[in-house]
């Protein structure tokens with residue numbers, strides 16, 4: 001369907017249907033047409049494709065179009081030809097238009113708002129796109145931003161054929177053929193070195209829309225060019241990427257609607273570098289925020305390493321990173337082969353902004369593009385934050401799941417200045433770095449409390465068991481007292497063994513761990529601490545048995561067998577299943593610590609869930625004891641009521657450590673792991689948990705009498 005419009009005719013709403021072939025003839029007359037056009041194909045002098053839209057006339061010859069863009073569109077621009085065209089030549093390029101589109105009034109998303117409501121506001125003048133806001137605590141907060149200045153008309157360096165004014169009677173035809181992307185135009189205009197967009201990109205502001213455009217351009221280039229990537233192309237590619245890796249752009253990455261943009265950038269740079277051909281001389285392409293080095297290697301090389309020193313921010317402070325390939329590994333590769341490494345000082349922070357997770361990259365991000373025969377490399381990271389109170393993890397970027405993964409690397413050595421990692425490069429893992437945990441609590445006070453309390457606890461447990469041996473025949477004359485002391489002895493014995501294995505595990509933990517020894521220590525720590533809880537559960541069940549069942553009793557042998565089944569059988573089953581299910585996949589242990597893994601397999605739940613469930617059951621038991629002893633005081637004199645209150649308080653004081661209720665403070669340390677107070681209280685209460693057992697055994701004998 002064809003349609004022709006002349007300069008002295010106004011186009012009415014709905015007069016331009018979807019897919020129409022429109023020819024506009026410019027004359028020296030009244031306003032021609034002002035429209036928001038989608039550029040897809042450049043012919044002579046220029047061609048446009050108009051997608052579906054609704055148009056209406058505005059003031060001074062403006063036409064407002066609300067359009068549904070073609071999926072092939074690569075740019076959207078405002079064009080204005082006013083009445084002034086009768087006295088001058090009217091340029092069609094948006095970058096040359098002197099008259100600006102009246103922006104929607106700002107302040108639409110200002111003021112008090114309703115929580116969780118959203119609104120959209122147009123971008124400032126000279127930019128295209130919208131800003132999205134969300135209301136939180138009755139205040140508008142920006143969440144997305146698509147404002148951009150870059151498009152197909154201005155991303156290239158000035159071309160007289162593109163921006164020259166139209167002469168009289170020049171025809172502009174609408175072309176509906178196959179679209180041409182910015183990447184296609186780039187490869188046509190400067191196929192040798194991709195440099196024809198560098199100047200305008202470097203002059204563009206670091207706003208979210210521009211960042212998204214450049215990321216997409218880099219991605220398209222990396223997928224379009226499969227061969228012939230030489231040093232000149234890599235230099236231009238690096239310069240383009242360097243612009244959006246600038247430290248001043250980091251805050252704007254959070255507003256890009258596509259959260260995958262930072263992942264796409266990292267993957268695109270690595271993919272393009274993989275196609276770099278290195279001739280005779282090593283490649284060294286250095287920009288401020290990206291540094292690429294590459295060379296050819298052979299099996300007779302002694303060893304190879306790349307050393308980077310880059311600024312993290314706008315200060316003069318620099319951090320270093322090194323990639324080392326051992327001679328043994330080099331012997332595995334065919335000759336000649338090439339290795340390439342890329343260092344990024346800021347992309348770690350950019351990934352953090354996109355991930356919205358509580359992790360901090362504490363060094364350079366180093367990418368290693370290696371022959372598939374190379375299975376091991378060593379990486380040395382200088383720490384950005386050199387705090388000794390932070391735990392460091394060696395990680396690799398999982399290119400499929402888009403997250404940092406501890407399975408790719410292992411810590412070899414660490415001090416306050418640097419960390420040495422051994423990593424396994426593969427198709428999934430190309431980029432590596434070190435993470436700093438922001439909330440791990442390392443306190444000398446807490447350490448002293450733990451070890452001093454542990455020593456006192458071990459001494460108290462030994463004293464408790466010694467007293468039990470001395471008075472065993474006197475305190476086990478009845479069946480109920482015998483069962484009660486069986487529970488006390490096993491609680492003390494299992495807690496003593498747990499403390500001993502805890503000390504063993506602490507000595508085995510560190511940057512360099514003995515894996516099999518660490519697995520054994522973790523298994524026994526898990527088993528014995530679970531046994532402590534299950535024996536405390538058995539003690540609680542025995543108290544409930546005494547309260548609820550008075551006249552009907554079970555044989556002593558059945559009760560003893562039941563207690564041992566609960567105390568040792570259940571923990572053994574849980575610990576064995578945990579190690580069998582997680583260790584084959586190397587998900588049983590934490591990195592550098594001999595304890596159950598959390599990040600990968602959530603193996604720690606095999607301890608947390610049973611322990612907290614037992615604490616809840618024991619809390620119910622204590623409540624029933626309080627209720628039972630309180631009933632005895634009803635109707636008695638004031639003196640007897642006071643005695644009952646004292647008796648109840650004493651029962652609570654004895655049962656709380658005996659049944660492990662102090663472990664409930666562990667919930668507080670999980671909810672707020674940054675609180676030093678909760679950690680100190682938890683350490684104090686549990687370090688001295690068994691101390692009362694050595695001195696209050698006689699008092700515990702009276703609890704059963706009180707509740708009957």
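Placement of Cβ uses the backbone N, Cα and C atoms for every residue, glycine included.
Feature annotations, reproduced from Swiss-Prot:
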- 394-421: disulfide bond (DISULFID)
- 409-423: disulfide bond (DISULFID)
- 293-442: domain 'GAIN-B' (DOMAIN)
- 21: N-linked glycosylation site (CARBOHYD)
- 220: N-linked glycosylation site (CARBOHYD)
- 252: N-linked glycosylation site (CARBOHYD)
- 260: N-linked glycosylation site (CARBOHYD)
- 305: N-linked glycosylation site (CARBOHYD)
- 313: N-linked glycosylation site (CARBOHYD)
- 358: N-linked glycosylation site (CARBOHYD)
- 394-442: region 'GPS' (REGION)
- 1-451: topological domain 'Extracellular' (TOPO_DOM)
- 473-487: topological domain 'Cytoplasmic' (TOPO_DOM)
- 509-530: topological domain 'Extracellular' (TOPO_DOM)
- 552-557: topological domain 'Cytoplasmic' (TOPO_DOM)
- 579-606: topological domain 'Extracellular' (TOPO_DOM)
- 628-650: topological domain 'Cytoplasmic' (TOPO_DOM)
- 696-708: topological domain 'Cytoplasmic' (TOPO_DOM)
- 452-472: transmembrane segment (TRANSMEM)
- 488-508: transmembrane segment (TRANSMEM)
- 531-551: transmembrane segment (TRANSMEM)
- 558-578: transmembrane segment (TRANSMEM)
- 607-627: transmembrane segment (TRANSMEM)
- 651-671: transmembrane segment (TRANSMEM)
- 675-695: transmembrane segment (TRANSMEM)
Count of other CB atoms lying within 10 Å of the CB belonging to residue 394 (disulfide bond): 27
Cα-proximity to residue 423 (disulfide bond), 10 Å cut-off, over recorded positions 220, 252, 260, 305, 394: 394
Contact yes or no, the transmembrane segment (607-627) and the transmembrane segment (488-508), 3+ Cβ pairs under 8 Å, gap 6+: no
Subset of recorded positions (220, 260, 305, 409) lying within 10 A of residue 394 (disulfide bond), CA to CA, in sequence order: 409
Within-chain partners of the topological domain 'Cytoplasmic' (552-557) [C-beta distance under 8 Å, separation at least 6 from its ends]: 479, 482-483
Per-state residue totals over the region 'GPS' (394-442) - DSSP helix, strand, coil: 3 helix, 28 strand, 18 coil
Inter-residue C-alpha distance, residue 220 (N-linked glycosylation site) and residue 260 (N-linked glycosylation site) (nearest angstrom): 15
Cβ-Cβ neighbours of residue 423 (disulfide bond) (radius 10 Å): 23
Position of peak Cβ density within 10 Å, selected from the disulfide-bonded residues 409, 421: 421
Shortest C-alpha distance to residue 252 (N-linked glycosylation site) - which of the recorded positions 260, 305, 409: 260
Using Cα positions only, nearest of the recorded positions to residue 260 (N-linked glycosylation site) (305, 409, 421): 409
List of residues, in chain order, with Cβ under 8 A from that of residue 305 (N-linked glycosylation site) and at least 6 apart: 322, 323, 324, 325
Distance [Cα-Cα, Å, rounded] between residue 421 (disulfide bond) and residue 409 (disulfide bond): 6
